[in-house]
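What TrEMBL says about this protein:
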| type | residues | note |
| --- | --- | --- |
| TRANSMEM | 29-54 | transmembrane segment |
| DOMAIN | 46-297 | domain 'G-protein coupled receptors family 1 profile' |
| TRANSMEM | 66-94 | transmembrane segment |
| TRANSMEM | 106-125 | transmembrane segment |
| TRANSMEM | 146-166 | transmembrane segment |
| TRANSMEM | 202-226 | transmembrane segment |
| TRANSMEM | 247-270 | transmembrane segment |
| TRANSMEM | 276-299 | transmembrane segment |
Amino acid sequence: SSRITTLVSPIMNSSSFLLTGFSGLEQQYLWISIPFSTIYAMVLLGNCMVLHVIRTESSLHQPMFYFLAMLALTDLCMGLSTVHTVLGILWGFIREISLDSCIAQSYFIHGLSFMESSVLLTMAFDRYVAICNPLRYSSILTNSRIFRIGLTIVGRSFFFITPPIINLKFFHYCHSHILSHSFCLHQDLLRLACSDIRFNSYYALMLVIFTLLLDAILIFYSYFLILKSVLVIASQEGRHKSFQTCVSHICAVLVFYIPIISLTMVHRFGKHLSPVVHVLMGNIYILFPPLMNPIIYSVKTQQIRSRML
């Protein structure tokens with residue numbers, strides 16, 4: 001890192017940061033860009049297709065599919081927020097990013113992560129109402145209520161993250177301006193700051209506890225209630241049908257939380273690991289859920305699959 005800093009410091013100014021690609025594999029960037037370009041194309045195409053199918057098929061204008069459209073829109077925006085820096089590094093167009101651009105990208109990455117968690121929680125509530133209280137499903141999840149839920153999700157995701165992100169603008173960055181990933185994260189910028197970062201550190205921790213962790217607990221609790229309700233159903237076929245309606249959502253929850261937990265473990269306990277591992281895990285965290293969710297729902301949801309075909 002010190003050698004890289006020495007080499008790049010003459011061409012970098014105090015308000016720009018060096019993005020990190022796959023260190024040591026620079027000669028293979030052209031080949032590495034092929035699978036990444038394919039993944040981004042699949043993310044954009046898959047989520048756009050899900051949104052198009054839900055918009056054009058009137059039989060899918062139901063609460064479950066409105067929430068799925070929110071999830072697809074969130075995944076689409078996540079892909080769009082990182083595609084220019086990830087592929088820019090691999091194609092040789094980008095090496096640096098300005099502080100303002102870095103802060104903006106960080107804002108969208110973290111905001112969209114919180115938004116995806118909120119949408120998954122809302123989808124768990126949708127499945128709970130559909131299975132445990134089916135007679136009141138249409139009266140509980142009306143179109144106006146779904147619209148208000150959507151606004152609440154956006155406000156919750158982006159409003160509370162604003163103070164620590166704005167605070168990044170006023171920090172003094174005196175450490176080597178080398179980011180750990182090919183995109184900007186809040187914790188990465190904190191690592192480079194020499195200012196008092198206690199507010200950002202504590203605020204970010206509380207935000208994670210009261211969003212991601214709380215959402216995960218509530219999702220787990222909703223499925224506990226669903227399981228209790230399903231086991232009461234007398235027929236085997238009825239239990240199987242009820243479980244089938246939840247499979248897609250359970251898979252979406254797993255593909256969202258497993259990369260987050262894995263990346264956290266790598267950052268916490270994997271300091272001895274190669275930088276390539278950290279970069280790879282960061283890209284999995286960003287790209288795996290947006291890539292897998294359209295595949296999961298197109299395979300597991302008969303209405304989506306038939307309409308796509």
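Every residue, even glycine, has its Cβ placed from backbone N, Cα and C.
In this chain, the transmembrane segment (66-94) lies in contact with the transmembrane segment (146-166); the count of Cβ pairs under 8 Å, excluding pairs fewer than 6 apart in sequence, is at least 3. Residues 19, 21, 29-30, 32-33, 36-37, 40, 43-44, 47-48, 50-51, 54-55, 105, 108-109, 112-113, 115-116, 119-120, 122-123, 126, 146, 150, 153, 182-184, 252, 283, 286-287, 289-290, 293-294, 297, 301, 304 of the same chain sit 6 or more residues outside the transmembrane segment (66-94) yet have a Cβ under 8 Å from a Cβ within it. Per-residue confidence over the domain 'G-protein coupled receptors family 1 profile' (46-297) averages 90 (mean pLDDT, predicted model). If you look at the transmembrane segment (247-270), the same-chain residues 6 or more away from its ends with a CB under 8 A from one of its CBs are 71, 113, 116-117, 120, 123-124, 127, 187, 212, 216, 219, 223, 277-278, 281-282, 284-285, 288-289, 292-293, 296-297, 300-301.
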